[in-house]
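Here is what TrEMBL says about this protein:
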TRANSMEM  43-62  transmembrane segment
DOMAIN    90-270  domain 'ABC transmembrane type-1'
TRANSMEM  97-118  transmembrane segment
TRANSMEM  130-150  transmembrane segment
TRANSMEM  156-175  transmembrane segment
TRANSMEM  196-217  transmembrane segment
TRANSMEM  251-270  transmembrane segment
Amino acid sequence: MTIDSLAAPSAVPLASSGWIALRPAARSAGSSGRFRGADATRLLLPVGLLLLWQGACSFGYIGPRTLESPLTVARTLVELTVSGVLWESLVASFNRAFAGFVIGGGLGLLLGIIAGLSRAGERAYDALLQMLRMVPFLAVIPLFVIWFGVDEEPKILLIALACIFPVYLNTFSGVRNVDPKLIEAATVFGMSRTAIATQIVAPMALPSIMVGVRYAMGVALLSLVAAEQVNATSGIGYLALNPRASLRTDIILGVVLLYSVLGLLVDLLLRTAQGYLLPWHRTVIEKAR
């Protein structure tokens, strides 16, 4: 149900809104021990794979031209850090990813809210966005180069394009899935459309929006690799694709590792923000228990 399609509502008792006050239960000592054990178990597979990889390289089963050892990759990352090359690349990539994420995520959020609240908005552009979502990302790179040149604009706009769709889809879904009975009850008690949108629709849609934001941030990091192929002279994507590093598997693997760590850190940051923004959300409460 959309706000602009509401007819004269029937009276709905307050109890039908289903609001329940929940407070996370305190963790017991046994529960804390189980969490620590689960965290330790998660490390077994990555550590085991690293040891297997190092052993295969040390005993000559894998040559350096094919795959450098983890220790060599670690030494290379340390050297790049000390020389300052890695920090410069990280800053350049972060600026591009953040700018593209803000532009694309903000536009996706705005379009998702409008389409979710208004049938007219959905009819106006939802079909177009669904069509654009199916276009392969790499196919538009030549067009962006022709339209925007080879400076920073095409890189940022490519990332923005990739970020629009996950935020739009999740925002639209979150707004549309708000319980219609809550909106009807609020209308019965005289709440304005603005108050309904800000005090009922927004809190109820926020969990879905946060899923879209988390997914879009991951997409931003993935699209950064393709974007930094467009005449880039800096960035971690350029660091891996630099012709001087074409046979340096240690640099390439180090960059891949950096992408993985950055993605993990960003997702952890967004999960933490989600916990503060959504204290009432069921998944957050279950995690607290």
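Heads up, residue numbers simply count up from 1 along the chain you see.
Glycine is treated like the rest: Cβ placed from N, Cα and C.
Where the annotation comes from TrEMBL, it is an automatic prediction and has not been curated.
Counted over residue pairs separated by six or more positions, the transmembrane segment (196-217) shares fewer than 3 Cβ pairs under 8 angstroms with the transmembrane segment (43-62), which leaves the two as not touching. Long-range contacts of the transmembrane segment (43-62) within its own chain (CB-CB distance under 8 A, at least 6 residues past either end) are made by residues 68-72.
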